[in-house]
Amino acid sequence: MSSDVSASPSPAQQGSAQQRGSAQPTALYGGQGTRRVTVRDLAAAKARHEKWPMLTAYDALSARVFDEAGIPVLLVGDSAAMVVYGYESTLPVTVDDLVPLAAAVVRGARRAMVVADLPFGSYQASVPEALATAARFMKEAGVQAVKVEGGRRILPQVEAMVAAGVPVMGHLGLTPQSVNAFGGYRVQGRGEDGEQLLADAKALEAAGAFSVVLECVPDELARRVTAALSIPTIGIGAGEGTDAQVLVWQDMAGLTPHTAKFVKKYADMFTLLGDAAREFADEVVSGAFPTPDYSYK
Ligand code: KIV
């Protein structure tokens, strides 16, 4: 890769670079960055041993909230199948379903890198299929990277996308697109399977992936993978040893009533929204809303 032409700017250049919105962030979370986070920033954070958060987002408004909260990476996950479209698994969601959501997230976030999941059936069959799907997300939605589930079995796709200039995030462990093959949502990578997962992670790194999600794996395995890779690992149900952590935002905010053991709820939005809806409804029924304050003369 060529050297970074924006590295070490003079003070005068720094001023104009900041006005153009290209200042370097000092930290991924809580930094002063005024331009979009890039794969280079994530690599630098790993080198600094700096942990960072990732959240899912599926619309412009939540993307803006998380972006302004300083979340450096937003994932338009195929979990949209469940939390947006109401399906029971991630399998039914299509590229046509996800591209408009990804475009909305890109419009809502100014600083965060936006990563889009390639949905089930849109990249596994062949390299041309993977390239065409990734190109749709980058051209039509404007995302900065894509995520794919699987290790060595999809290596040709990962290599081809990286060669075409598409930053690729890998995803290993409990990959929900394979839920039927796993026989349910169960912890992966125990015992001998852990060696296979480690080999998959190394293969993804060698193929050029810029990061790897580790979902529902024993924390000791996640630590080993994190120590073995020079690219960041992003854990979900993978313990405390990964470089980053991701949660589905509706789980994190307590909007989804039933969640997995690894989910910590940082708010109770199910109750909050329900209470607001009930209060609104009560006031409409009683005539307490709208008062003249909310009306036009
Ligand atoms: O689709 C999704 O939301 C994901 C995250 C849980 C990693 O893949």
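Backbone N, Cα and C define each Cβ position, glycine as well.
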Listed by TrEMBL with D78, S79, K147 as binding 3-methyl-2-oxobutanoate, from among D41, D117, D193, is D117
Out of the binding-site residues D117, E149, the residue with the smallest number of other Cβ atoms within 10 Å is E149
Within the same chain, the residues at least 6 apart in sequence whose Cβ is under 8 angstroms from that of D78 (Mg(2+) binding site) are T90, V93, L98, D117, L118, P119, F120, P176, Q177
One finds that other Cβ atoms within 10 Å of the Cβ of K147 (3-methyl-2-oxobutanoate binding site) number exactly 23
Same-chain shell around Mg(2+) excluding D78, D117, E149, C-beta within 8 angstroms of the CB centroid, reads G77, S79, T90, L118, P119, F120, K147, V148, H171, T175, P176, Q177
Whole-number Å distance separating the Cα atoms of E149 (Mg(2+) binding site) and S79 (3-methyl-2-oxobutanoate binding site) is 13
